[in-house]
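Asks: Got a structure here, written out as structure tokens. Questions coming.
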Amino acid sequence: MSRILFILLLLIVTQLSELQAAAFSVRQNRFDEVPDLQTPAPLATSTESSKKPEKATSGLLKKCLPCSDGIRCVPQIQCPAHVRMESHEKPQICDLPAGKFGYCCETGQNHTAPKPETSPKERRSGFPTILSPAVLDEARRNFEHLMHGVAQIPVRRGFPDFAHGLVFHSTAKDDLHNFAISNSAIEQVMTTQLFGKKEQVPVEDFITNNVPIKFTETPLAHHCQPPPVCGNIRSVYRSMDGTCNNPEPQRSLWGAAGQPMERMLPPAYEDGIWTPRAHSSDGTPLLGARKISRTLLSDVDRPHPKYNLMVMQFGQVLAHDISQTSSIRLEDGSLVQCCSPEGKVALSPQQSHFACMPIHVEPDDEFFSAFGVRCLNFVRLSLVPSPDCQLSYGKQLTKVTHFVDASPVYGSSDEASRSLRAFRGGRLRMMNDFGRDLLPLTNDKKACPSEEAGKSCFHSGDGRTNQIISLITLQILLAREHNRVAGALHELNPSASDETLFQEARRIVIAEMQHITYNEFLPIIIGPQQMKRFRLVPLHQGYSHDYNVNVNPAITNEFSGAAYRMGHSSVDGKFQIRQEHGRIDEVVNIPDVMFNPSRMRKREFYDDMLRTLYSQPMQQVDSSISQGLSRFLFRGDNPFGLDLAAINIQRGRDQGLRSYNDYLELMGAPKLHSFEQFPIEIAQKLSRVYRTPDDIDLWVGGLLEKAVEGGVVGVTFAEIIADQFARFKQGDRYYYEYDNGINPGAFNPLQLQEIRKVTLARLLCDNSDRLTLQAVPLAAFVRADHPGNQMIGCDDPNLPSVNLEAWRA
């Protein structure tokens, strides 16, 4: 018996060691199927676990007691307050699906647990509770000096910087509106910085929102946006701008366009307020983003053995659906220039705009040095006033709705929506191009960087539509799907009004988008284990009841600034344009079709591009970035472009993202203490660009991880992405699987079952030109040549379709 117990104990110890190693396996130069990447913290902290009530089951396993009534068991990453708790304060451990552990979380999305008023925290924060007129006056003078003294040097058209600025573009009117909003936020931030300096407020108090001083009784109160009055909280249709989704009056702006991002962890701003992260853990300056990019993120061709470019392209459409940031602008709405012409040098402090964070290029740079480039333009993101009208750190603006609601198709405002509608039969406006429906051409001269290319640029619900031709392809597909559905509804209900047909078609297309996202796309990205743990798997029948009025659906800085940028690694540097029988007809370098959509006017190109997306493999998500993005991004007619990898690293620092190690801790996993925990080649490269593992940028660290089982990203990105899509589901009252007790526009049971039939393959068939595309792979995100993924004819009854008879009145 003792021998058996010894063997069982040995097995437990071995399992713990393997789990800890697996969680931080670093990606090699090939795609490996790896063991389950369970975060090891609950198992590793045996002393802590022994204090929690558990009930024994059989053999080696123990089953935790359920959480108390009203308290949910969530993954550690969804209970961020645990990071700041002592071991005896940690929440009760509980069981999650797939054999995982979580916390019985009582603190929700808050970064800290409530503290008693007599705690040292409250005592230390014994500063004034109101803003004095002296502080307000001085802050106002500082702000006006900053605004009036700023250099008004714009980016010139035709340069890569100009094209990069278009990723923040919506309309000229919106750009000026966002300029005013951001200035209001900057004045509040400057007031916060001055108050903090004068009162010597600890950084910790700012980053944890422990400075309960309001702007409401000051001249800055007009910068605060009051929640809208929601006249009909039971509206069947969601609003265009995302307002009034949450039924609580003080939360009616949650998830709406123009609202700030949330954070999983407090920011790493150096002053706790808005100064970018610029120093390593030992106080020395962080190395430049371009140096890290060229050292760690080289271009290596690693085609994914299973998944295709449709994963990359659908992922970008989804990214544009849920987020669009804005860069700080000049007074006339022009883009800010931080470098001299052609990037020869960074502008002097006297000439430089306060929002400049130029990326330094070293003289020995193997690419940019050939062109004399020493500076890449980079401008900080626009801010939005804190929703609680309180002294706080800088919060980044998102211009579109935070929900998965097909906003690239419909826009994120009533005005944008009206510009897209035909106002006949519930349809969207389209351009008839010799019998093919394409998006209408735009009148916006800033939609494309080149005036010549701009003549064929398209108009949609999102200002970034023309960014790359594959994106335009899916935008056309979704617009066509709306009109197909609207036409079918009109045939079924000929007396229905244009407004009813439009809103019903929109409601159906949004549901289709959500179902494809959660049923087909997301499992590929994060793997089946995370889908189960975060309750993201769509039901086969019946309604979900996961809505939580306390969940803010806003995107997080960590998701926007790092984890979801994993898609940049999946981009191939070229499109292999394939004709009907799979023959490669043309190879197109992606920089040549950025903001240059003219090829879409070729009769067969739309079908050929769809075929390319489902046939050509995506690149593996790893530490390799295509040179099309790291050297030639938005080059236009120039011999060089920008470096997207360097931009991503710099953007994380601009947003105050914490280091990679901090997010390991948030997941409940051990921090890295040595570069030697990575494979030797990567460890050597890391040691050349970072002082310690505590300095590794989140985006970089996430790309170095080995993919989770059944997914394409590592465990850290998988957790951050899973958390985000849980927010989108739990915080969206109009999510397609909710019944009418939650969702005023709920589908009836028959309609919901029809929605569950939709697949991306069906949408490809229904909305292709059928010129060269007659069949599709049954699993549209899987390579057409992958074993078991047979091609199926578009007219084959075995390809499911949504029967819209369920919508007959």
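Here, residue 1 is simply the first one shown, and the rest follow in order.
Each Cβ is built from the backbone N, Cα and C atoms, and glycine gets one as well.
Here Swiss-Prot flags 1-21 as signal peptide. According to Swiss-Prot, the feature region 'Disordered' maps to 36-55. Annotation source Swiss-Prot lists N-linked glycosylation site at Asn110. Swiss-Prot lists Cys224 with the feature N-acetylcysteine, giving similarity to another entry as the kind of evidence. Residues annotated as disulfide bond in Swiss-Prot: Cys230-Cys244, Cys448-Cys457, Cys765-Cys794. Summarising the annotation, Swiss-Prot assigns active site, proton acceptor to His320. Per Swiss-Prot, site 'Transition state stabilizer' is recorded for Arg464. Among the features that Swiss-Prot reports, heme b binding site is placed at His568.
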Asks: Let me know how many other Cβ atoms fall within 10 Å of the Cβ of Cys230 (disulfide bond).
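Replies: So the number of other Cβ atoms within 10 Å of Cys230 (disulfide bond) is 17.
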Asks: To the nearest Å, how far is the Cα of Arg464 (site 'Transition state stabilizer') from the Cα of His320 (active site, proton acceptor)?
Replies: 8
Asks: How many whole Å apart are the CA atoms of Cys230 (disulfide bond) and the residue listed as 'N-linked glycosylation site'?
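Replies: With the alpha carbons as reference points, the distance is 26 Å.
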Asks: Quick one, of the recorded positions Cys224, Cys448, Cys457, which Cβ has the fewest other Cβ within 10 Å?
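Replies: Candidates: the recorded positions Cys224, Cys448, Cys457. Fewest Cβ atoms within 10 Å: Cys224.
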Asks: May I ask for the distance between Cys244 (disulfide bond) and Cys224 (N-acetylcysteine), taken between their Cα atoms and rounded to an integer number of Å?
Replies: 18
Asks: Closest to Cys457 (disulfide bond): which of the recorded positions His320, Cys765, Cys794, going by Cα position?
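Replies: Ranked by Cα distance from Cys457 (disulfide bond), first place goes to His320.
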Asks: Let me know the DSSP-derived helix, strand or coil state of Cys765 (disulfide bond), please.
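Replies: SS state of Cys765 (disulfide bond) = helix.
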Asks: Within the chain of Cys765 (disulfide bond), which residues six or more apart in sequence place their C-beta under 8 angstroms from its C-beta?
Replies: Leu773, Val776, Cys794, Leu799
Asks: Find the shortest Cα-Cα separation between the residue listed as 'heme b binding site' and the recorded positions Asn110, Cys224, His320, Cys448, and name the residue that gives it.
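Replies: Checking each of Asn110, Cys224, His320, Cys448 against the residue listed as 'heme b binding site', the shortest Cα distance is to His320.
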Asks: Cys244, Cys794: which of these disulfide-bonded residues has the highest Cβ count within 10 Å of its own Cβ?
Replies: Cys244
Asks: Please report the distance from the Cα of Asn110 (N-linked glycosylation site) to the Cα of His320 (active site, proton acceptor), rounded to the nearest angstrom.
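Replies: For Asn110 (N-linked glycosylation site) versus His320 (active site, proton acceptor), the Cα atoms are 27 Å apart.
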Asks: Enter the number of other CB atoms within 10 angstroms of the CB of His320 (active site, proton acceptor).
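Replies: Other Cβ atoms found within 10 Å: 23.
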Asks: The residue listed as 'N-linked glycosylation site' has how many other Cβ neighbours within 10 Å of its own Cβ?
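Replies: Around the residue listed as 'N-linked glycosylation site', other Cβ atoms within 10 Å: 14.
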Asks: Taking the Cα atoms as reference points, how far is the residue listed as 'active site, proton acceptor' from Cys448 (disulfide bond) in Å?
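Replies: On Cα coordinates alone, these residues lie 17 Å apart.
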